[in-house]
Amino acid sequence: MKTYLQLLEHILQHGVEKSDRTGTGTLSVFGYQMRFDLAKGFPLVTTKKLHTRSIVHELLWFLRGDTNISYLKENGVTIWDEWADNNGDLGPVYGKQWRSWPTADGGTIDQLSDVVQQIKSNPDSRRLIVSAWNVGELDKMALMPCHALFQFYVANNKLSCQLYQRSADVFLGVPFNIASYSLLTHMVAQQCNLDVAEFIWTGGDCHLYLNHLEQAQTQLTREPLPLPSLAIKRKPASLFDYAYEDFEFVNYQSHPAIKAPIAV
């Protein structure tokens, strides 16, 4: 994961200090890309320990089309707590847009089901896209989508995925996003009887919050460890039937966790 450390270093060296919605302040750069060969290991950051339970359960929660944090709370995941209302609701965030994008005639579109079918029936399509950026519902969301749009690509019987992340909290959020979309790529590949190729992360406003700079510098002093591999223990009937127990990150070794405050 030297690629990720290079992003931290790039922001520390070239970032411009900017104000932000949370009032915390950031060092920011605009436009950055990282590529991960999924055949060479699963891209979990090793220079600090990641909470893999949160990564897996959050993705399963998205795939359910869920927008209430009760499922996350039941499974010990607290990463969305700060944005939920008193009933645990977040408004029409990722899961709603992925699974039930509203149409003008009152219907809905299951973007994920559609894209899986397209990959199976027309893998050379250039329209293998899922978007969470629904302009008509942004004002109803507790947090507008940071990871806004992703696209699949099939070549040589291998599946790649590229994510566009408009706003990237590089210390806390991006390691989760890399792992989450890499996991999704593995799952979709299994459902479509494909091997995995690359996960490509493209960021817009890539920033370190000013109260994360010391933590980022600490992380840069640590030597990356070998990447783990991902084992998926069964192939369920659909993309939406996976369970937490189906996944194992084999030989995940890491340096200790580094705590940092979240900007709300």
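For all residues, glycine too, the Cβ spot is worked out from N, Cα and C.
The number of other Cβ atoms within 10 Å of the Cβ belonging to C146 (active site, nucleophile), over all protein chains shown, comes to 18. Sequence annotations record features per position, and here Swiss-Prot assigns active site, nucleophile to C146.
According to Swiss-Prot, the dUMP binding site annotation covers R21, R126, R127, R166, S167, A168, D169, N177, H207, L208, Y209, on the basis of sequence analysis. In three-state terms derived from DSSP, Y209 (dUMP binding site) belongs to an extended strand segment. The number of other Cβ atoms within 10 Å of the Cβ belonging to Y209 (dUMP binding site), over all protein chains shown, comes to 23.
Its own atom aside, the Cβ of D169 (dUMP binding site) has 23 Cβ atoms within 10 angstroms in the protein chains shown. Secondary structure at D169 (dUMP binding site), taken from DSSP and collapsed to helix, strand or coil, is strand. Taken from Swiss-Prot, the feature (6R)-5,10-methylene-5,6,7,8-tetrahydrofolate binding site covers H51, D169, A263, and the record attributes it to sequence analysis.
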Cβ proximity for R127 (dUMP binding site), under 8 A, sequence spacing 6+, ordered by residue number, returns Q118
Just report the maximum Cα pair distance in Å for the recorded (6R)-5,10-methylene-5,6,7,8-tetrahydrofolate binders H51, D169, A263, no decimals.
18
Among the binding-site residues listed here, R21, H51, whose Cβ has the fewest other Cβ atoms inside 10 Å?
R21
The record lists R21, R126, R127, R166, S167, A168, D169, N177, H207, L208, Y209 as binding dUMP. What's the largest Cα to Cα distance among them, in Å, rounded to a whole number?
36
Highest Cβ count within 10 Å among the binding-site residues S167, H207, A263: which residue is it?
H207
